[in-house]
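Chemist: Structure incoming, see below.
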Amino acid sequence: MARHRNVRGYNYDEDFEDDDLYGQSVEDDYCISPSTAAQFIYSRRDNPEEEYGYEDLRESSNSLLNHQLSEIDQARLYSCLDHMREVLGDAVPDDILTEAILKHKFDVQKALSVVLEQDGVQPWKEKSERAVCAGQPSKGKSVISRSSQSESEIVPKVAKMTVSGKKQTMGFEVPGLTSEENGLSVRAPHKGPPGDDVSVASPNIPETGTPKSALPPPSLQTSEELGSTPTPVRKSGKLRQQIDVKAELEKRQGGKQLLNLVVIGHVDAGKSTLMGHMLYLLGNVNKRTMHKYEQESKKAGKASFAYAWVLDETGEERERGVTMDVGMTKFETTTKVITLMDAPGHKDFIPNMITGAAQADVAVLVVDASRGEFEAGFETGGQTREHGLLVRSLGVTQLAVAVNKMDQVNWQQERFQEITGKLGHFLKQAGFKESDVAFIPTSGLSGENLTARSQSSDLTTWYKGMCLLEQIDSFKPPQRSIDKPFRLCVSDVFKDQGSGFCVTGKIEAGYIQTGDRLLAMPPNETCTAKGITLHDEPVDWAAAGDHVNLTLVGMDIIKINVGCIFCGPKEPIKACTRFRARILVFNIEVPITKGFPVLLHYQTVSEPAVIKRLISVLNKSTGEVTKKKPKLLTKGQNALVELQTQRPVALELYKDFKELGRFMLRYGGSTVAAGVVTEIKE
């Protein structure tokens, strides 16, 4: 058969005829122009290998000994080095980068400019100096490192052990001590002029000079002979400069107070457009960017969405015209720094809205004043009612109602009063005080009554109140739980440039400093906070109420999920799968019974759960037990139940941490109950 003959008669020598050249991308036999080769072909011959001495490795590892840096500054220095390494690679040694960073006070951009401006950046290699062990000349090669007097004072050389006839003392500095062990000759320096040398002869480096027998024998000094020389002992562990967070917080609050604001409302009520236009009027968005959004939205056929694109940054949100995730930004008023969270209004993204509302202190409820639109959002099935109940159940007590799109009804006072009457009655039933609710007529597209009081005669004839920005500025910030143990709930996890990874979240209680050890629950893993970023600026500390980014090292990113809680290792949060809670049942169609499946929303956690027991029905006002072991729960009832989750969830009791003791229960796309944790089962 022909194919068999082809196989049997195959000449394999042709396959092994040519040698493989692994050092080049393309063999030299190919015809290629020099310009093309220089642009696309890599040649190892054009990049000669560099020889590095053993002393370079030792000196680069000890390059920071000449600088007295706190642990916080060291973390900042390492972070700056990581960023500079991504730009420069390994062409510049760490010593030069360190000097540039310290000279410019950790400003990476200035340090990079100085290093790049140097003519001809070449790989750095410091020439070693030759020294003779025990003060005698030697022809052999030895590795020598130079230490100055200041360096020896910062990190004293410590001998391993000094043996006397009576006792053993460890960790004392031994001036002039020379010891040999397995061919390693070490001479410890004593405090003297900067010319003193330390000779280290490694057994891995061959010696061709004076043999070991020609050197004088080592002399050991007892601890009694060294008693007259005071010697510092290096402590184990690093001393970190502690920051008085309470004092620093008072200084910060002496300027402007921090407030977390969430914007809620029915879908297409104009939430993103309203806040995007406000940010533009406040100067947080420049004219060039705004002009770009206007042109892009016109091309997409959505000219009215230009201001909404300030907060809706993803392509899918802009294409669909609805907010899907919580958009976060910052702006300032006269007396406050506001962290703005734009929550989605579509019912499919209620879990994301709960995540944003759980991190908020106050809220702005946006309603559409157009005929039929307000009624659609307010009636059964609309999100205006559900959002109002959710934020109140999650602890928000102050609310500003922005009656939006008033220009479409010609700023009619009758329409405004109709909306405020219906909505005010509902909010009072939901638990809001009348004094904590304010109604403001606005227009997000035209910008009327947002940052300044309207000058339109149609509005000023009957409305004399504050604009939306003034109302936000008048909100009272809540008391922060600074004295309680540290708690941070993770809302996002991502891999940043450099070492470690980053988590985003709001500090619910306590405070944190750079370099603190943290415990993640429920994974029960420890890590170290390498860096803290607040409002895109690196800081040394952060306290309760701050939305921060933490750069963490010492832990695998795969072990951290959204919903994990970071705490202090000494005061950890409890993780459990069974707990008891007091719940308030909302308007539901199907009664809640034993074994009822629900979706537990707790902070940023969304976990399937089952109601294991119906313990009792409670009185709404007094909390007294009115019925034990009920068969079912109907709408409006207050009850004590026991829930079980599929996976462990980190919880706190409501009486200890109000911020971390609230949760929501959803079933079939609607919220069925809100509750607080009363007991945690092990």
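Backbone N, Cα and C define each Cβ position, glycine as well.
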Chemist: Based on the annotations in Swiss-Prot, which residue of Lys271, Lys433, Lys620, Lys635 is described as N6-acetyllysine?
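Modeler: Going through Lys271, Lys433, Lys620, Lys635 one by one, Swiss-Prot annotates Lys620 as N6-acetyllysine.
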Chemist: To which residue among Ser148, Ser236 does Swiss-Prot attach the annotation phosphoserine?
Modeler: Ser148
Chemist: Which residue range, 26-30, 86-90, 241-245, 321-325, is the one Swiss-Prot calls region 'G2'?
Modeler: 321-325
Chemist: Where Swiss-Prot marks phosphoserine, which residue is it, choosing among Ser145, Ser150, Ser213, Ser297?
Modeler: Ser150
Chemist: For which of the residue intervals 56-59, 116-119, 392-395, 404-407 does Swiss-Prot record region 'G4'?
Modeler: 404-407
Chemist: According to DSSP, does Ser113 (phosphoserine) fall in a helix, a strand, or coil?
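Modeler: Reduced to three states, the DSSP call for Ser113 (phosphoserine) is helix.
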Chemist: Is Lys620 (N6-acetyllysine) helix, strand or coil when read with DSSP?
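Modeler: It is coil.
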Chemist: What is the number of residues in the region 'G2' (321-325) that are helix, strand and coil, as DSSP sees it?
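Modeler: Summed by class, the stretch gives 0 helix, 0 strand, 5 coil.
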Chemist: Take the C-alpha atoms of Lys620 (N6-acetyllysine) and Ser113 (phosphoserine) and report the distance between them in angstrom, rounded.
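Modeler: For Lys620 (N6-acetyllysine) versus Ser113 (phosphoserine), the Cα atoms are 66 Å apart.
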Chemist: Treating G and I as helix alongside H, and B as strand alongside E, what does DSSP give for the region 'G1' (265-272) in helix, strand and coil?
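Modeler: Across the region 'G1' (265-272), the residues distribute as 2 helix, 1 strand, 5 coil.
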